[in-house]
2 protein chains.
Amino acid sequence: MKNYFKVDEWKIIEEGFDPEYNKVAESVFSLGNGRMGQRANFEEAYSGETLQGNYVAGVYYPDKTRVGWWKNGYPEYFAKVLNAANWIAIDVKIGDEQLDLAKCEIIDFRRELNMKEGYLSRNMAVRTASGKELRVESTRFCSIVDDEAGAIAYTVTAFNFDGVITLTTFIDGDIANADANYDEKFWDEVSKQVNGDSGVLQLRTKKTGFEVATAMKVSVLQGGYPINFSANPVRKEKYIGLEIKINATRNQPVTLFKYAANLSSQNYEKQELSAKALDTVERVSEKGFAIMLKEQAEAWAEKWKHNDILIEGDAAAQQGIRFNIFQLNQTYTGEDDRLNIGPKGFTGEKYGGSTYWDTEAYCVPFYLATAEQKVSRNLLLYRYKQLGKAIENAQLLGFKNGAALYPMVTMDGIECHNEWEITFEEIHRNGAIAYAMFNYVRYTGDEQYLTDYGLEVLIAISRFWAQRVNWSAQKELYVMLGVTGPNEYENNVNNNWYTSTIAVWCLKYTLDVIEKVKAKDASKYAELAARINFDEQAETDKFKDIIAKMYLPYDDELQIFLQQDGFLDKEQTLVKDLPESERPLVKKWSWDRILRSPFIKQADVLQGLYFFEDDYDLETIRRNYDYYEPRTVHESSLSPCVHSILAAKLGDVDRAYEFYLRTSRLDIDDYNDDTEDGCHITSMAGTWMSVVQGFGGMRVKNGQLLFNPLLPPKWNAFSFHIGFRGVLLNIKVSKEAVAITNTSDRDIEVSVYDGRYFIKANSEEVIKK
Amino acid sequence: MKNYFKVDEWKIIEEGFDPEYNKVAESVFSLGNGRMGQRANFEEAYSGETLQGNYVAGVYYPDKTRVGWWKNGYPEYFAKVLNAANWIAIDVKIGDEQLDLAKCEIIDFRRELNMKEGYLSRNMAVRTASGKELRVESTRFCSIVDDEAGAIAYTVTAFNFDGVITLTTFIDGDIANADANYDEKFWDEVSKQVNGDSGVLQLRTKKTGFEVATAMKVSVLQGGYPINFSANPVRKEKYIGLEIKINATRNQPVTLFKYAANLSSQNYEKQELSAKALDTVERVSEKGFAIMLKEQAEAWAEKWKHNDILIEGDAAAQQGIRFNIFQLNQTYTGEDDRLNIGPKGFTGEKYGGSTYWDTEAYCVPFYLATAEQKVSRNLLLYRYKQLGKAIENAQLLGFKNGAALYPMVTMDGIECHNEWEITFEEIHRNGAIAYAMFNYVRYTGDEQYLTDYGLEVLIAISRFWAQRVNWSAQKELYVMLGVTGPNEYENNVNNNWYTSTIAVWCLKYTLDVIEKVKAKDASKYAELAARINFDEQAETDKFKDIIAKMYLPYDDELQIFLQQDGFLDKEQTLVKDLPESERPLVKKWSWDRILRSPFIKQADVLQGLYFFEDDYDLETIRRNYDYYEPRTVHESSLSPCVHSILAAKLGDVDRAYEFYLRTSRLDIDDYNDDTEDGCHITSMAGTWMSVVQGFGGMRVKNGQLLFNPLLPPKWNAFSFHIGFRGVLLNIKVSKEAVAITNTSDRDIEVSVYDGRYFIKANSEEVIKK
């Protein structure tokens, strides 16, 4: 699989077509604008292997829970990403022969994802079964300027024939979900209309009752000039089409422009949805394809100005990081606090709901540094708004008094995952949600957030921890039984060090924030305490007692934190002893063997040391890294980035680089053989972190930025952009120097290595190494 | 629910009909003969709540595995008990009005299960919607003399009308399975014929390809005399019927005799199945209903002679134990070593496959003492024959070199359970299979079994244990990680004392048997060792090393064995502290709460002390009992009996009696609110054990029977029958004495309390207390 796509600094390029990789290419070439997203399915019919996917943000369906043996606490239905109406479809008929790449001889084929300007293009020449030769060129994008719209320019040129070409452009709502448990279809038709050059189809989801109107409008060029055409409307159940017959002459290109819009009832009244969708396609079609595409390129240029990471001397690494940043920007824009970042974004439907702890642990740092403050704030507010459901979720499991357990996976606050050892036990996610708040306030200085929203969430989370621990009469300490840590290759363990550590941290942070909020706005605090029945004295006493007496497993001999009780009972083999043929373990080994083995899926103790690095000296981090990394198989896409950052911190630039490459080209190189299901969107933020926090060594302490850069030997230089409290910086690390350019109108003081530098507005500071 | 059925020493009686309890009654009144079984569904149509069930032993369907997240090691399909063609059906029409109890007024209703003679009868008078009054009497049984046949006498008497009554007797193969995952139907029609007074329908199961021919033959009496009738044959897809119109006159009973047979392709060539089934109904109908019923009563009398337990002065306890013995005899006769004992027997389809560790741990002792030796031997052979599949199952999980892991649940040797924490981790079942062999040889003295079959199984099981443990460098002992003990309210624990103890015992027993077999038949041993590549020196050295260095958790302070590592970290609350409203925990608590709690589903450490009581002094047993019993919620039907036996051993007759009542009337009183799914067949053997091993204090040591009887104060006396190495004994325990009657032609020496008694053939010994 590796090297299927060509290396290019700004593009992903596919030369020649290999049907075996089509689903991978569909994922990698996905387009999105935060509001809607589309896999790189072909416009025309394709009878080969494909995974159709058009997703409208925030619109989901309720799938029936499927488990082996039911356990109390599972919801009966849960929300999953929904495949919506297919809006890109253009059926092509040459005479009576349908164009279908799976049935043609391919003369040439090239597909490019232009990440710089945000569009996908395809150019191919084919010979049909009957011998007709033609070229198809298509360019399409999901507009980030008009974020409910997409546009396609689809050009067919006959080479060796004249005759009628029938282009049927349609919207099809009768689509299935590959990830559905019961093969049901989840859309019902509400209404449709199609006439002249446009049409709209309005559908409603079963049970959840979302409505989406998908509209289209078309125009046609022939030989470069607009032509009048008459389209024959086609109406079927959950389907509208416009059939256009063109008398084609050889070498004279015929271009169909298709403007489409997806409007959701989350944003409009249901009864006006169809009309608004038609308005939208009308409006964008008046701009026209060329202007839309130009606006798209300009808007992407603006994004790249704040986002881009430049790597000199290593094109594969450069392509990798840009692909990651590109996909993150396609997935989430932060405009809407009801939305979040699914592990597959708009590139696939796997993994059910949209929100994991990935958002807080991996994505928030990316958006904090590369987007407006409201973007990460909206990610925090998303959880705030779901606090009520998190409390209900905890009640379902037997917790009381406003304790909250956020779901492992969710779309709307309700749990979407149903394995007891994860759903009920992988509770460290609660900690990541608190940590993201801490991270946000540390980065932005926005303490008001804590007063207005944060403290309420923190108290609910701390109440959960206070009830989740129990007193061990034997240890004379609090213990945390029956948990699953980030390393999901251990289930239902006792005293997972990471979980217990983040629980204690949450309690401490909550106490700290209580004091801050009280000092800042006593009446608001009193109002909150009354509303949530917070018995400050009794509850904070309990929090303090747990902080003081929490059991955190440690091995005196190895001087490391123990991942959990009994970890040292395991057979002490290392990853390097594993034959390649037995990897990945999750595909080659039975589950019980994985569980009993010492092998770690992803950073666990090390995740804690990454989060709370200031609480541990470098030697402690090194000992734990040296112990746990050789036991880690990195079978989660979230694993290499944390290891890369820690390796960089420990000065091991080679290992840091190795982990970086693995994370940044995960999907382009289909490293885990699963990109066909969609891209690993959330781990892409981890890739960004491994450059900025790893090689860049960026941290925030006491409201100031710190950098401790390290340059991988293979690179001549690298640079990245950072926004920090109204200041925009570009940091360039070369062999000789660290150059920091302040492109904003505010001065800033930063630390680089051990020195402090005052960088004036609109000026540059070059720090020689 | 309690007291729905009337107490009677030989019958289960239902007076009046309560539709709410119909499914419970259907379970309790189930009939079976080891070869086929039938829930107490009504013959005539019934539109109320019912669970149809006719089961043919050994015939199963492959259901699709349904799990939340797939784990390596799960089979794609697995075998489940199959609902077969309905052979009891007799549709009754009075004029155009269909008889349906759910739509009639009930004048009187009585149903009786006659356990003494082995039949079910029903007598009811009803008034139909149109005001017609009639009486229906039905008697039916599954013959234990002709064990592929059943017979029904169905009598209708008109009270207040004359007119045509249409009796349509039919066989319907278009039936569903309530426990199917995908609501599929699993039978296809092979052939059918129906003519004159008889018919046969042959069906084939999907995928598994079993064929079953179900035949019927009918005759009719009117006013007590046989009449000629002409039956109109009815043929539909998977259905045959005979429609018989009778001109009924008031007060003149019309009796339809329906003889049926279920023949399976396991026992006959497929192409002769239908003919043989017709032969069978022909043959039994020639005997006639009355003679068949008489033979049935005689055969049951013979069974009771060897099986019956008499309890004087406590009719509820008497009814309870007889019901248990009756159902056990209906479920399994030991005639066929391909069959086994499902947890629901022939009374329901729940729990998938037919064979659990219940068979070895609970049922073998019952059949050892109450049936011919071949019965328990066949239960052992069942596992021997599935050894190959148990080795394959272990290979699937990564074990090598002929290690065997028997499935948790099976029909044909393939695993039928799919929860990783059970399927892959509840491995103590392997120990129970070895223990049953030990138990069998101890009881019967049949050491040849070990040479011929047993040792091969033991080595395979020991190889599994030897690979399943690992060396803990920290403990400098072998540990057993990631297991689930009998207490399924703990999952994936480390060093479950019971599992580790039975593993060590298996290794010891295997070494012991190796020596015995070598001494007895060196060449056979050599042949076996060569065939299974048994490297005696290396492998037994490893076994010995594990025996010597196995870690078995123990608490020095409490002086108890620890159920598993970390058990004392749990919150130390007791069952008596649990509010009644929170029980049963499995219905009221979330799974994670159950797992973290100290509450125990069923005997775990205590199961080990029960199995290996000779290895522990009484005070050790008492300390562990006193610690664990108060933490046990007995939410498995298998729990109370073991506790009853241990309580009796510890001299606590009141607790022993309390546990006994709970186990013996579990289904009659619908104790766990789940009898509607079927009866708890395997735990019935535990009930028997709690009388014989508990109150009777029966043990076998050094080839001799020992008794240590204890009489519950509520009882005047109790007695039970035992077969032991060709000797038949009746042991009667009264307030004054223990009377042992030897009804066989062989002398025997037994121990009673501390004395030894020589009991001559055909004589009685009365030992005054």
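Here, residue 1 is simply the first one shown, and the rest follow in order.
For all residues, glycine too, the Cβ spot is worked out from N, Cα and C.
The feature domain 'Glycoside hydrolase family 65 N-terminal' is assigned by TrEMBL to B:13-265. The domain 'Glycoside hydrolase family 65 central catalytic' annotation in TrEMBL covers B:322-689. The annotation substrate binding site is assigned in TrEMBL to B:TRP357, B:ASP358, B:LYS601, B:GLN602. Sequence annotations record features per position, and here TrEMBL assigns active site, proton donor to B:GLU488. Under the heading domain 'Glycoside hydrolase family 65 C-terminal', TrEMBL lists B:698-757.
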* Asked: What whole-number distance in angstrom separates the two most remote CA atoms of the substrate-binding residues B:TRP357, B:ASP358, B:LYS601, B:GLN602?
  -> 16
* Asked: Can you tell me the three-state DSSP label for B:LYS601 (substrate binding site)?
  -> coil
* Between the residue listed as 'active site, proton donor' and B:ASP358 (substrate binding site), find the distance joining the two CA atoms and give it rounded to the nearest Å. => 14
* What's the most sparsely packed of the recorded positions B:ASP358, B:GLU488, counting other C-beta atoms within 10 A? -> B:GLU488
* Structure fact -> One finds that other Cβ atoms within 10 Å of the Cβ of B:TRP357 (substrate binding site) number exactly 22
* Asked: Mean pLDDT, the domain 'Glycoside hydrolase family 65 N-terminal' (B:13-265)?
  -> 94
* To do: Let me know how many other Cβ atoms fall within 10 Å of the Cβ of B:GLN602 (substrate binding site).
  => 24
* Structure fact -> For B:LYS601 (substrate binding site), the number of neighbouring Cβ atoms whose distance to its own Cβ is within 10 Å equals 22
* Asked: Under DSSP, the domain 'Glycoside hydrolase family 65 C-terminal' (B:698-757) has how many residues in helix, strand and coil?
  -> 0 helix, 37 strand, 23 coil
* Note the Cβ centroid of B:TRP357, B:ASP358, B:LYS601, B:GLN602, the recorded substrate site, then list each other residue of that chain whose Cβ lies within 8 Å of it, in sequence. => B:TYR356, B:ALA361, B:PRO486, B:GLU488, B:SER636, B:LEU638, B:SER639
